[in-house]
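Taken straight from Swiss-Prot:
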BINDING   ASP10, ASP134  Mg(2+) 2 binding site
BINDING   ASP10, GLU48, ASP70  Mg(2+) 1 binding site
DOMAIN    1-142  domain 'RNase H type-1'
Amino acid sequence: MLKQVEIFTDGSCLGNPGPGGYGAILRYRGHEKTFSEGYTLTTNNRMELMAAIVALEALKEHCEVTLSTDSQYVRQGITQWIHNWKKRGWKTAEKKPVKNVDLWKRLDAALGQHQIKWVWVKGHAGHPENERCDELARAAAMNPTQEDSGYQAEA
């Protein structure tokens with residue numbers, strides 16, 4: 001039987017683009033581990049993706065995961081859009097390169113053999129874990145230490 005793990009994630013950006021951060025909580029049998037990191041120049045969508053990636057990459061074995069995010073971009077991207085992006089060689093329906101493709105590929109790899117249920121929660125609506133992740137993400141964004149090497153400014 002697979003371990004049942006809960007993951008809660010959020011991303012934040014002070015300006016978009018601007019300094020950003022992510023926050024994630026990984027919970028297993030009442031034990032929690034938190035993750036957060038700040039980046040000097042990034043976007044909110046990249047930080048939402050990073051939160052999910054870092055938490056999933058922390059799992060050491062195959063798990064049954066319930067991952068809660070307030071990002072429709074992440075939830076829809078991974079449950080709906082990614083299949084066609086991959087079929088089209090990481091291009092959109094308009095034949096344009098998928099934005100944040102470096103992180104989408106990393107998230108796709110992080111899914112591994114996990115069984116994942118993606119849950120959308122309304123942000124800033126009093127969901128306790130989402131609020132904690134938001135606090136972690138905003139604190140990280142206010143004290144960025146990393147460079148987001150994959151961020152590409154819009155042309």
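Residue numbers in this text run from 1 along the chain shown.
Cβ coordinates are placed from backbone N, Cα and C, and glycine is handled just like the others.
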If you count the other Cβ atoms within 10 Å of each Cβ, which of the binding-site residues GLU48, ASP70, ASP134 comes out on top? GLU48
Starting from the Mg(2+) 1 site formed by ASP10, GLU48, ASP70, give every other residue of that chain whose CB sits within 8 Å of the mean position of their CB atoms, in sequence order. THR9, GLY11, SER12, MET47, ALA51, THR69, SER71, VAL74, GLY123, ASN130, CYS133, ASP134, ALA137
Taking DSSP helix as H, G and I and strand as E and B, the domain 'RNase H type-1' (1-142) has 56 helix, 49 strand, 37 coil
